[in-house]
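Colleague: TrEMBL lists these features:
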- A:3-117: domain 'Tetrahydrofolate dehydrogenase/cyclohydrolase catalytic' (DOMAIN)
- A:137-279: domain 'Tetrahydrofolate dehydrogenase/cyclohydrolase NAD(P)-binding' (DOMAIN)
- A:Gly163, A:Arg164, A:Ser165, A:Ile229: NADP(+) binding site (BINDING)
Number of protein chains: 2
Amino acid sequence: MILYGREVADKMSEEILNEVKELKDKGIEPKLAIVRVGRNESDLSYERGAIKRAEKLGIKVEVFELQEDIKTDDLVGCIERINNDKLIHGILLFRPLPKHIDENHIKNAINPIKDIDCINPINVAKVMEGDKTGFAPCTPSAVVEILKHYNIDIKGKNVVVIGRSMVVGKPLSMLLLNEDATVTICHSKTQNLKEVTKNADILIVAIGRAKFINREYVSNKTTVIDVGINVDSVGNLCGDVDFDDVKELVKDITPVPGGVGAVTNTVLFKNLVKACKMQMGY
Amino acid sequence: MILYGREVADKMSEEILNEVKELKDKGIEPKLAIVRVGRNESDLSYERGAIKRAEKLGIKVEVFELQEDIKTDDLVGCIERINNDKLIHGILLFRPLPKHIDENHIKNAINPIKDIDCINPINVAKVMEGDKTGFAPCTPSAVVEILKHYNIDIKGKNVVVIGRSMVVGKPLSMLLLNEDATVTICHSKTQNLKEVTKNADILIVAIGRAKFINREYVSNKTTVIDVGINVDSVGNLCGDVDFDDVKELVKDITPVPGGVGAVTNTVLFKNLVKACKMQMGY
């Protein structure tokens, strides 16, 4: 089965639309702040997608575009103004930030209750603790949304995650553990990787290497979730998995594009609505 | 090989003694605050052990004994006084706290730089990020100390952790990941547990069930680290592993008592000295 992200995003969007409507009936307009330092093309592209989706969901967006050479203190100042703005309920801050910025300082500056992309350590710790009053980062949450949407059994299953970043691998492992998966975390130093992945019920790949995973790494019981977004040798978007090589063999697989990436920004708005409700005391 | 904790603790104590001496030569006296609510017997026993070890290491200890019915605000007040006391460098707070206390509030109250047992979310997040400016909790750190002391290869190895608590399993998995292990986290919902554990190069057991792991779960290549401390049917201390059943079969094993538990409070003082140096700007 091909696990299309669009179908998941559409279902989630329906629920978000209902919640937004309920909030608006109470006079509350959910609003996202996007904080962007500089004009990185991939940030701008994500921003355009987010703004378009926000419009469809009836959610307001305000973009704070800051100069590439902004000082840490001034960025903190901008974040604090957003923290204090009662009409804004969530913050998306693009990272990585320019090198001269003290990222640690910034992470702590974002009010945890508006930190819908899980940058503040308080939310990171909550992800680890399985405390659902926090916010998990959007990409790992999108993976869990896809698995749940397609009723793929997680509890007790062997889930192998390749990649150990703070953006995907580590928080995703914690989210899956909270869903009662048996989680194995692999990475560049893992020995006998094929042996480990062939044994997986669910294989999640987040390594950032185009078409790295081929049929040697999977079995006919594997559900493959491909988090990678790369450009292949002829300039097409592709994942970390060689889709054409494995698709006939595996049980399920997400495409790239149209898989995890199609769900990520919907999770952002799901988190925004959750944040809005928490701030309004619902 | 039997991996005795005492040997590890003695080696670490030598290094701590040297560091304490260096600090004292500069006029600095490292000091630990123990905050205990009520008079739980296991807390008191750990406290006696810690005081005894502190004496040997030339480290001062001040015990703050608080009434079982103390209010959250008063406990926070006590912690804030310790935060502000420049002569105290680290805080050990016994948990679990009585149920009427808002533990979340307390966790955030402890100054991260004095939080040598990793209660504050800032340190929890640092453990997950692999940021060594933070403090990892003592028991998981003791496991890593033992493996390193006995030169047991971690990098690239299959390490299986049974147990997913915030005190041991989860932070330990993160520490091992930072040592480049391939980490599998198992728990009560894991299917085919024996199959998973038999494949481990290193098996770490932290489930709190006396002698649960027997020879069916291990192989002759397994290094077994037993984190459990239980009382068996005839009243003797025992681990989560059936030591007598597996000891001839496995490659290495820690005894209980005399294994991980013998290292834990030495890690506490290693962290205290690190905290003291950080606070003094070294």
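The backbone N, Cα and C atoms fix where each Cβ goes, glycine too.
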Colleague: Near chain B: which of the binding-site residues A:Gly163, A:Arg164, A:Ser165 have their Cβ closer than 8 Å to one of its Cβ atoms?
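Modeller: From A:Gly163, A:Arg164, A:Ser165, flagged as close to B: A:Arg164.
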Colleague: Counting each residue once, how many in the domain 'Tetrahydrofolate dehydrogenase/cyclohydrolase NAD(P)-binding' (A:137-279) are helix, strand and coil under DSSP?
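Modeller: For the domain 'Tetrahydrofolate dehydrogenase/cyclohydrolase NAD(P)-binding' (A:137-279), the helix, strand and coil counts are 54 helix, 26 strand, 63 coil.
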Colleague: Find the longest CA to CA distance in the recorded NADP(+)-binding set A:Gly163, A:Arg164, A:Ser165, A:Ile229; express it in Å as a whole number.
Modeller: 16
Colleague: Considering every residue in the domain 'Tetrahydrofolate dehydrogenase/cyclohydrolase catalytic' (A:3-117), what is the mean pLDDT value?
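Modeller: Averaged over the domain 'Tetrahydrofolate dehydrogenase/cyclohydrolase catalytic' (A:3-117), the predicted model reaches a pLDDT of 97.
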Colleague: Using Cβ-Cβ distances, find the residues under 8 Å from A:Arg164 (NADP(+) binding site) that belong to the same chain and are at least 6 apart in sequence, listing them in sequence order.
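Modeller: Same-chain residues close to A:Arg164 (NADP(+) binding site) (Cβ under 8 Å, separated by 6 or more) are A:Lys170, A:Ile185, A:His187.
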Colleague: Around A:Ile229 (NADP(+) binding site), how many other CB atoms lie within 10 A of its CB?
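Modeller: I count 17 other Cβ atoms within 10 Å of it.
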Colleague: Within its own chain, what residues at least 6 apart in sequence put their Cβ under 8 Å from the Cβ of A:Ser165 (NADP(+) binding site), listed in sequence order?
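Modeller: The answer is A:Ala206.
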Colleague: Helix, strand, coil residue numbers for the domain 'Tetrahydrofolate dehydrogenase/cyclohydrolase catalytic' (A:3-117) per DSSP?
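Modeller: Computed counts for the domain 'Tetrahydrofolate dehydrogenase/cyclohydrolase catalytic' (A:3-117) are 61 helix, 18 strand, 36 coil.
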Colleague: Sequence gap of 6 or more, Cβ distance under 8 Å: name the residues on the same chain that satisfy this around A:Gly163 (NADP(+) binding site), in order along the sequence.
Modeller: A:Gly169, A:Cys186, A:His187, A:Ile204, A:Val205, A:Ala206, A:Ile207, A:Gly208, A:Val227
